[in-house]
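Data first, discussion second: the structure below is written as structure tokens.
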Amino acid sequence: MQDTGKNIIIAGVGGQGILLFSNLLSKFYMKLGYELKISDVIGLGQRGGGVESHFRYSNNPVLSPFIKAGDADYVISFEQTETLRYLHCLKEDGIILSSTFELSTSSVNTRLEKDMPESKTELIRKSGKKTFIVDPDENKNPDFDISKMMNIVMLGFYAELRGYSHDEMIQIVKENVPKKFVEGNIKAYEKGMAIAQTEVAEKESELSNC
Amino acid sequence: MVMMNGNEAVARGAFEAGVKVAAGFPGTPSTEVMDYTHQRYPDIYCEWSTNEKVGLEVAIGASFAGYRSLAIMKTVGLHVAADALGGAAGSQINGGLVIVVGDDVGRIAGDDYNDVRHYGNMFNIPVLEPSDSQDAKDLMVKAFAISEEYTTPVILKITSVICKTTSRVIIDEDYTYEAKCRVKYPVSFSKVIMTTMMMNAKGSEHPKLVKCFNDFPAHMKRLADDCNDFDINNLELRGKKIGVITAGTPYFYTKEVLPDASILKLGLVMPLPEKLIRKLAKHVDKLYVIEDGHDILEKNIKDLGVSVIGKELFPKFPEMTRFTPDVIEEKLVPDAPKRAIMDGIPFRLPVSCAGCSHLFITQILKKHKIKAAADVTCGLIGCFPHTEAYSLQKCMGSSIALSHGYNVATDHKENFVAMIGDGGFWATGINGLMNLIFNDSQSTVIIVDNSCLAMTGGQHIASSEFGFNYKPENKLEIAKVCEAIGVKDIVTVDAYEIETLENAILNAVNAKTNSVVIVKKPCITKFKLPKSDPYHIDQELCTQCRKCIHIGCLAIESKKGKDGKVEIVINEDLCVGCGLCSTACKFDAIKL
């Protein structure tokens with residue numbers, strides 16, 4: 001079936017390369033001839049503030065720059081507190097792609113408010129949505145710094161999940177990141193692909209068991 | 001076709017309009033309009049001026065010379081420049097004069113209480129508001145045409161959503177830049193001079209007087225009539241149940257949520273196309289106004305005698321910081337499913353970058369319980385409860401005069417210190433310092449010299465060593481200027497030399513004279529300073545007293561470990577190894 005378009009919320013905290021992620025994705029969808037609207041909302045604060053990107057591609061002109069709660073096909077999040085912040089935006093059959101990375105909030109650090117008692121990863125898993133979790137600690141790699149390249153790991157993951165051409169996506173990465181980072185970025189991309197292959201296989205076997 | 005965000009599109013519009021001069025002052029969300037203009041269109045003279053008022057005055061002068069000119073600022077900056085705008089309003093315009101102003105809607109920081117359209121009402125000048133990037137580019141070109149045709153300055157209102165949203169723009173690939181010179185009027189005076197001469201002179205038809213006078217109310221009346229036929233004001237008649245008058249991105253929210261509604265989309269939000277409004281009002285059962293910011297369209301439409309539903313259904317701040325499609329759906333779509341954010345997700349208060357020089361200052365102020373005022377600078381994060389270093393903070397450039405006022409009122413019994421960034425100092429703070437000297441005050445001022453305007457992304461200022469028009473011989477030295485103004489006691493200290501800094505601040509505070517402490521350290525984020533090895537916390541020695549947490553450094557976190565126990569840890573990816581936290585720890589738990 002032809003893909004007529006999707007609504008994607010990309011979330012995380014400042015410094016995680018969310019804008020690069022949405023920029024690379026936009027280049028890919030533009031090549032496929034889609035109409036696009038991408039709204040990069042940078043939250044209050046300096047480094048460590050929340051960042052969200054509303055990414056919409058469609059066969060038809062895109063109207064609202066913001067995705068209405070309940071209209072998101074994907075939440076792709078690089079920080080798990082931020083993942084929770086957008087769960088309500090997903091469609092019934094929406095998909096979560098989330099890192100287990102967590103940057104504690106200043107309000108919790110200074111006890112202005114209490115942290116959530118439950119494990120955030122578990123809350124995401126229990127959301128009832130199709131969920132893919134990527135743990136950066138379990139995927140540390142000498143070839144690239146995963147703390148800085150989680151965005152590209154997620155790009156590889158997402159492209160594999162959607163069955164996109166990796167050659168085309170890697171070409172876009174090459175054209176848009178500084179030369180000295182290209183090699184590391186490709187390693188990060190391939191890592192994302194590999195994690196996705198394992199995860200998807202696991203999900204499929206889970207589904208066939210029930 | 002290209003993809004552009006609103007800021008890029010406005011810059012492109014300025015280029016296609018043949019703008020010759022662009023001046024202004026950085027301010028989120030519209031800062032990048034200038035950055036893109038300078039990067040991409042070298043034909044246009046660009047400058048970051050010392051403040052918004054200066055920037056607008058530069059543009060007004062260039063416009064009088066006959067060239068299309070642009071001033072760029074955020075709404076809070078237009079408050080500073082309002083006197084200049086009032087001077088230009090109602091006066092004769094040669095080259096088109098457009099002021100691009102960013103309304104930072106949706107922020108919880110204070111800027112969202114502002115709405116630039118008030119200046120349209122106050123000064124009786126046109127305001128345009130785009131809905132996406134294409135619109136931003138097109139309205140920019142239109143704004144210059146309106147400015148010249150109706151001889152008036154024009155405001156282009158852009159919002160944080162427009163500025164940061166990327167969508168497709170059709171540009172004129174073959175456009176060849178040309179800055180035309182249009183000198184229509186030999187003189188251009190403020191309304192004050194024009195009306196004084198008109199009111200007092202008997203022979204007001206005398207050519208000497210006529211050339212000074214500008215019938216600005218007639219121009220605006222003409223614009224109000226003509227704008228019914230402008231294609232930027234678009235009436236889309238569909239269903240008869242719901243009609244909506246809207247502008248900006250709320251136009252698209254409305255269209256998506258209410259596809260059957262009849263919509264009047266305003267590109268020109270001031271003055272209003274009365275005929276179109278009446279036509280829509282007649283066509284529909286219920287007429288709503290959906291506008292970001294204040295209830296300005298609503299009030300202006302009601303003034304026409306047309307009944308509309310606005311803030312009674314959509315209460316403004318604090319219920320709402322900006323419109324979203326969700327807000328419209330909730331109120332106007334029956335049986336819309338309710339979707340709420342999960343309870344208990346912690347909020348992110350802003351935190352300073354690890355290694356920021358401001359953290360060293362706030363740490364010393366707190367240690368010695370020195371009362372101080374902050375300014376508009378990255379350092380204002382020190383006001384938030386996780387740092388709690390300052391007790392007073394107002395507008396840009398204010399802290400020096402604020403502390404002086406406090407000190408004269410309290411007979412200088414305690415030295416209420418002013419902290420100010422270098423950007424705020426040059427913008428308007430320098431006036432506070434001059435004022436403090438010639439009024440014989442004894443206040444202490446801490447000036448944070450990080451070589452750029454850090455909070456908006458590191459634009460250059462008078463004391464930077466880079467910039468659009470930078471020449472080393474023109475760089476202003478903060479210390480020399482303070483000396484020339486007459487400050488008695490001036491010291492310059494490296495922020496990371498914490499003991500020297502501590503002594504300098506204490507000496508200044510205790511000296512019975514006026515004093516300036518200049519704290520130097522380039523902005524760690526802008527200049528990507530090299531990192532040292534990260535520190536870590538020895539969990540055996542840590543008593544969880546949380547002193548380090550209250551430094552307000554992004555790298556220090558309170559976290560549940562794998563075993564569920566809370567630990568204070570240093571995030572080694574974020575730590576730059578400045579060592580401030582290790583000096584704050586009484587238990588020697590923070591080590592290299």
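The backbone N, Cα and C atoms fix where each Cβ goes, glycine too.
Automatic, uncurated: that is what TrEMBL annotation is.
These numbers come from a predicted model, not from an experiment.
Annotation comment: TrEMBL describes B:CYS542, B:CYS545, B:CYS548, B:CYS585 as [4Fe-4S] cluster 1 binding site. Sequence-distant contacts of B:CYS542 ([4Fe-4S] cluster 1 binding site), defined as residues of its own chain at least six apart whose C-beta falls under 8 angstroms from its C-beta, comprise B:GLU567, B:ILE568, B:PHE587, B:ALA589.
The secondary structure of B:CYS581 ([4Fe-4S] cluster 2 binding site), as reduced to three states from DSSP, is helical. Around B:CYS581 ([4Fe-4S] cluster 2 binding site), the C-beta neighbours below 8 angstroms that are at least 6 residues distant in the chain are B:TYR535, B:CYS548, B:ILE551, B:CYS553, B:ILE556, B:ILE570, B:ILE590. TrEMBL lists B:CYS553, B:CYS575, B:CYS578, B:CYS581 with the feature [4Fe-4S] cluster 2 binding site.
Residues or ranges marked as domain '4Fe-4S ferredoxin-type' by TrEMBL: B:533-561 (among others). Across the domain '4Fe-4S ferredoxin-type' (B:533-561), the DSSP tally of helix, strand and coil residues reads 3 helix, 8 strand, 18 coil.
Feature annotation from TrEMBL assigns domain '4Fe-4S ferredoxin-type' to B:566-592 (among others). Residues 354-355, 359-360, 363, 496, 498, 524, 529, 531-549, 551, 553-560 of the same chain lie 6+ residues outside the domain '4Fe-4S ferredoxin-type' (B:566-592) yet bring a C-beta within less than 8 angstroms of a C-beta in it.
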For a quick check of understanding: among the binding-site residues B:CYS545, B:CYS548, B:CYS585, which residue's Cβ has the most other Cβ atoms within 10 Å? B:CYS548
On the domain '4Fe-4S ferredoxin-type' (B:566-592), the mean of the pLDDT values is 94
C-alpha spacing of B:CYS575 ([4Fe-4S] cluster 2 binding site) relative to B:CYS585 ([4Fe-4S] cluster 1 binding site), in angstrom: 16
Long-range Cβ contacts under 8 Å made by the domain '4Fe-4S ferredoxin-type' (B:533-561), restricted to residues 6 or more beyond its ends, are 351-356, 359, 362-363, 366, 381-382, 384, 386-388, 567-572, 574-577, 579-582, 584-592
Between B:CYS575 ([4Fe-4S] cluster 2 binding site) and B:CYS545 ([4Fe-4S] cluster 1 binding site), how many Å separate their Cα atoms? 20
Which same-chain residues, if any, lie at least 6 apart from B:CYS578 ([4Fe-4S] cluster 2 binding site) yet have Cβ under 8 Å of it: B:ALA354, B:GLY355, B:TYR496, B:SER532
I'd like to know which of the binding-site residues B:CYS553, B:CYS575 has the most other Cβ atoms within 10 Å of its Cβ. B:CYS553
